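Report on the following structure.
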Amino acid sequence: MAKYKVTVYTHNIATATTMNNVFIKLVGEKGESKRTWLTSLKGGFYQGTASREFDVVCPSSLGTLVLIELDKQPLPLFPQDAWFPSKVVVTTPEGDTCQFPIYRWIMDKEVHLFREGTAKRLCDETNHLARYSREKEMKTRTELYCWDTYKEGFPGSMKADNPLDLPSEIQFSFTKATQFLFTAATGITELKLKGYSDSKKSWKNIDEISKVFCCNRTVISDYAQEHWKEDEFFGYQYLNGCNPMLIRRCSELPANFPVTGDMVKPSLRGSSSLLKELQSGNIFLLDYKNLDGLKANVINRKKQYMAAPLVLLYRTPDDKLVPIAIQLKQKPAKDNPIFLPTDSEYDWLLAKIFVRSADFQEHQLNVHLLRTHLLAEVFAVALLRNMPMVHPLYKLLIPHTRYTLQINLLARAFLIADEGVFTQFAASGGEGMIEILRRSVASLTYSSLCMPEDITARGLESVPNNYYRDDGLKLWDIIHRFVEGVIGFYYKSDSEVREDQELQNWIKDIFDHGFLAQECTGIPQSFSTVPEVVKFVTVVIFTCSGQHSAVNSGQYDYGGWMPNTPISLQQPPPTTKGQSTESTMLKTFPDVGTTAQGMSTMWLLSKQSTDFVTLGQYPEEHFNEIPPCRMIQKFQTDLKVFSETVKARNSGLPVPYTYMDPALVENSVAI
């Protein structure tokens, strides 16, 4: 007789326990066991625990174990419940230990098949049972995970009408769902904005805004309130604020931005000239051409306004970055003056306010929504459609898809839908939003998603005090080395990459549905070499973790104080100089209700969940082999050391940069 020892682990998440009876069958290359009852009355399948050890007895050895079959049946008078097992561990009569990762909800009485956890590509499969299991899993996946088109010209999305349509394995946990709904429902109250959210009144003075804002603050939002008028803080935000993706070095002025040396000479230190500073690499450009010619929203029956500015920034001799010229519309004209720091206080301040509001639109739709959320969804759907659980790429990437499909479904329902908060209260909501996204998709490139290439392309290699760049490049390098190790363990040659059809299907799905089959994006349509796979997988993990954190986590820090980042503006951009006053500025700001809605939304989007999973932490153990497990440990150590370095640096900064600190970066786009 051959005796197998079986231990069942139930995951440590809310409601994971089952009171139903669990049955198992072991399937090996030489045969299979009888379906065996693992009695819950003695063993117990409770949240966060391992069952007692069960015996499964067979007449003879089953040989190499290939898979297990699990099902659960309700006891008399007990209902069918939902169970979330994490793994099954089997010790064979020969003394070998086999692990079977599960990590999914079992909610019915059907038989479910789970493969032994050693990572295998299709070409590695020699057993007909393993191939059958793989084919059955992928058939189910392609039926469950279907592509959809939210809007023409947008990246593909997951086909589902509401969160309950999503497969249970990718839905929010009970804890996440409860907290998210509570936070969303109470955002206005939590910020003590009740009574403000429906007000259509304009702000009377800055002090009135301060009284509302003082209810909920962060260290950085306090700093923004104090320094929002200052040129140095304005410039700093384009390196380390919510949108560090627009600024680029300028060696030659755009033809549609006719700034002269005489205009900016008072802003340049010493006896320098604009030409000299351009040649020295000290001039930088912000170009919001993505917003040009768009129809602005109507809020509370009142027409809104947004600009499409051009901005010159200057790196001073003491390494500050300050604005020296602002043109609020793309086409030069008499009614489109170039505003300068030497203009009157409110002329200059109002010009900067229009830039900051434009930045809100560009950041939210292009930098945040498209380049992290929508791309993360593409990566996730393609993975779930094309990779079985035993594939090494599935094991590596599945933690970086956690909650992404549901959070994006909620965003489409409650933020950018016809009645969504963004649609109703942002200047670019409605028609403008759709056009901005289409333009952004059309200009999306692979190189801009690869941080080292993007930093070089924008000429930012040597700009001082650029913590987004410094931390991002370090994080990219740590991720890249980890990915290189794992991929290199499973793919020993380029030919193995070319022969992996599931890998090729994955990247082709991403090219076709995520980047709309546009070769000009530079996205690969197939993989030919190991380094190509390493680079792309690094992009996926970095985009879903560090990059999303960089452009998401600081939204309330920099946008909570509305005058620093107005969600909308109620007056048109000024067409002449010398007419703006404090009253003009207050009438231009969004009304009280729009401000409150913007504040509460940014608070929600910036708030860390209680079941937050930090980058590099993998509560679900998908890898069995010792080398990748050691690589994960090394990855975690590298991230911890880097986090300590970031904290040490931040201790000496007036405005700490925390968004790329691995201890605060989530594994996936989950908020």
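Backbone N, Cα and C define each Cβ position, glycine as well.
Feature annotation from TrEMBL assigns Ca(2+) binding site to Asp81, Ala82. For His368, His373, His548, Ile671, the entry in TrEMBL reads Fe cation binding site. Annotated domain 'PLAT' per TrEMBL: 2-120, in sequence order. As annotated by TrEMBL, domain 'Lipoxygenase' applies to 120-671. The site 'Essential for stabilizing binding to COTL1' annotation in TrEMBL covers Trp105.
Its Cβ placed at the centre, Asp81 (Ca(2+) binding site) has 14 other Cβ atoms within 10 Å. For the recorded Fe cation site, residues His368, His373, His548, Ile671 set the reference point as the centre of their Cβ atoms, and the other residues of that chain within 8 Å of it by Cβ are Leu369, Thr372, Ala376, Ile407, Val551, Asn552, Leu605, Val669. Between the alpha carbons (Cα) of His373 (Fe cation binding site) and Trp105 (site 'Essential for stabilizing binding to COTL1') lies a span of roughly 25 Å. Distance noted between the C-alpha atoms of Ile671 (Fe cation binding site) and Asp81 (Ca(2+) binding site) is 28 Å. Asp81 (Ca(2+) binding site) sits 10 Å from Trp105 (site 'Essential for stabilizing binding to COTL1'), counting Cα to Cα. The two recorded residues, Ala82 (Ca(2+) binding site) and His368 (Fe cation binding site), show a Cα separation of 35 Å. Here Trp105 (site 'Essential for stabilizing binding to COTL1') comes close to Ala82, Trp83, Phe84, Ser168, Glu169: these same-chain residues lie at least six apart in sequence, with C-beta atoms under 8 angstroms from its C-beta. Mean pLDDT of the predicted structure over the domain 'PLAT' (2-120): 92. Residue with the densest Cβ environment among the binding-site residues Ala82, Ile671: Ile671, by other Cβ atoms within 10 Å. Sequence-distant contacts of His548 (Fe cation binding site), defined by Cβ-Cβ distance under 8 angstroms and a gap of at least six in the same chain, are Thr372, His373, Ala376, Glu666, Val669.
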